[in-house]
Ligand SMILES: NC(=O)c1ccc[n+]([C@@H]2O[C@H](COP(=O)([O-])OP(=O)(O)OC[C@H]3O[C@@H](n4cnc5c(N)ncnc54)[C@H](OP(=O)(O)O)[C@@H]3O)[C@@H](O)[C@H]2O)c1
């Protein structure tokens, strides 16, 4: 039986560790293996900030031993001069005999050209190994290239009877520590966390990664705030110099509110409004894509979730259901009609179901059509 899938699994695991740190570039894993013996000669993954790429790092680790070896790589090697020289050149110069790749890069500057250049250079190229997993890991890069915006992972926690908050001002704890740990890991693997001003005002969250060993991995925090109501006294504003905060607002934002937030280190950017007078979501996400963001974790409330569903901007959705019930007291329903319809329809499929302590998490993925 071929060991190819095992080496590709290793390359995928190496790439996955860097998710959230390499934007605007994808986090690519690479492994150089001696044919016959299966000895691992070198490994690499895209460095923080997006360069060097994973392939040259793995080739450098292998050194002269890379001559005649097999390279496993999670994404088609780049063939264009970007901020770094093309990886195809490095692979040919190293004398790699065979390349096994998981996913073709849809970037029009590459899109099959990387494979062609390698084949023309006499390298045996095999593609599509563990492609589904690679597509999941590289969803940010693929979505930014094909849709011009970051991929959106929507997360919502709800009570067993379907509410995401109580009716009154008191904060409702829905999930336990295991689920909270999972949320922090999603945050660490995101380029940015997105919320609406409703959540910022109700919960005054810090939206940082508080997992042992990953505390340096807090991503950018983004608030959608049409009229710039984010308080300078909020945690997000007060800690903006430690963990960057970006507020997307509109022309209606008062200048004094902008000055007060900017004085604290908050970045304020103006984006277009939609017909209803709110921030235009497709335009806001396109703006974030232009900035190079590839992976967004949406942790806003039901209004933002519903608006994302209405605009068909959700790529992955995780619903975490806790054991709490609000009963006749009721509260704020977690799922609006558009989100409910989207998850029940054929645009999404259930991809994973897991028990996180007392809470159950179900993840839905957009069908690739
Ligand atoms: N259980 C959970 O997973 C969870 C997660 C987060 C929050 N919550 C709870 O949800 C409640 C807050 O709910 P929410 O729905 O108000 O919070 P939200 O969705 O985070 O914020 C909604 C606000 O964002 C602003 N916004 C700007 N552009 C928007 C757009 N295009 N689409 C939608 N919103 C846009 C709007 O205010 P402007 O018009 O003023 O800009 C809107 O009222 C709190 O009680 C909080 O505790 C629960």
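Cβ coordinates come from backbone N, Cα and C, glycine included.
Under DSSP, the residues of the domain 'CMP/dCMP-type deaminase' (2-126) split into helix, strand and coil as follows: 43 helix, 22 strand, 60 coil. According to TrEMBL, the domain 'CMP/dCMP-type deaminase' annotation covers 2-126.
If you draw a 10 Å sphere around the CB of residue 78 (Zn(2+) binding site), it holds 25 other CB atoms from the protein chains shown. Annotation comment: TrEMBL describes 53, 78, 87 as Zn(2+) binding site.
For residue 55 (active site, proton donor), the same-chain residues 6+ apart in sequence whose C-beta sits under 8 angstroms from its C-beta are 28, 30, 44, 71, 73, 77, 87, 90, 91. Taken from TrEMBL, the feature active site, proton donor covers 55.
Within 10 Å of the C-beta of residue 157 (NADP(+) binding site) there are 24 other C-beta atoms, taking all protein chains into account. Under the heading NADP(+) binding site, TrEMBL lists 157, 199, 226, 301, 302, 303, 304, 305, 306, 307.
According to TrEMBL, the substrate binding site annotation covers 187, 203, 207, 210, 299. Every protein chain considered, the tally of other Cβ atoms within 10 Å of the Cβ of residue 207 (substrate binding site) stands at 25.
Across the structure, residue 207 (substrate binding site) and residue 306 (NADP(+) binding site) place their CA atoms 21 angstrom apart. Ligand 1 lies within reach of 157, 226, 302 from the binding-site residues 157, 187, 210, 226, 302, judged by a C-beta closer than 6 angstroms to any of its atoms.
The Cβ of residue 302 (NADP(+) binding site) lies under 8 Å from the Cβ of 156, 164, 332, 333, 334, 335, 336, each of these being in the same chain and 6 or more residues away along the sequence. Comparing C-alpha positions, residue 187 (substrate binding site) sits nearest to 304 among the binding-site residues 78, 226, 304, 306. In this model, the domain 'CMP/dCMP-type deaminase' (2-126) carries an average pLDDT of 93. For the binding-site residues 53, 78, 203, a Cα to Cα distance of within 10 angstroms from residue 157 (NADP(+) binding site) holds for none.
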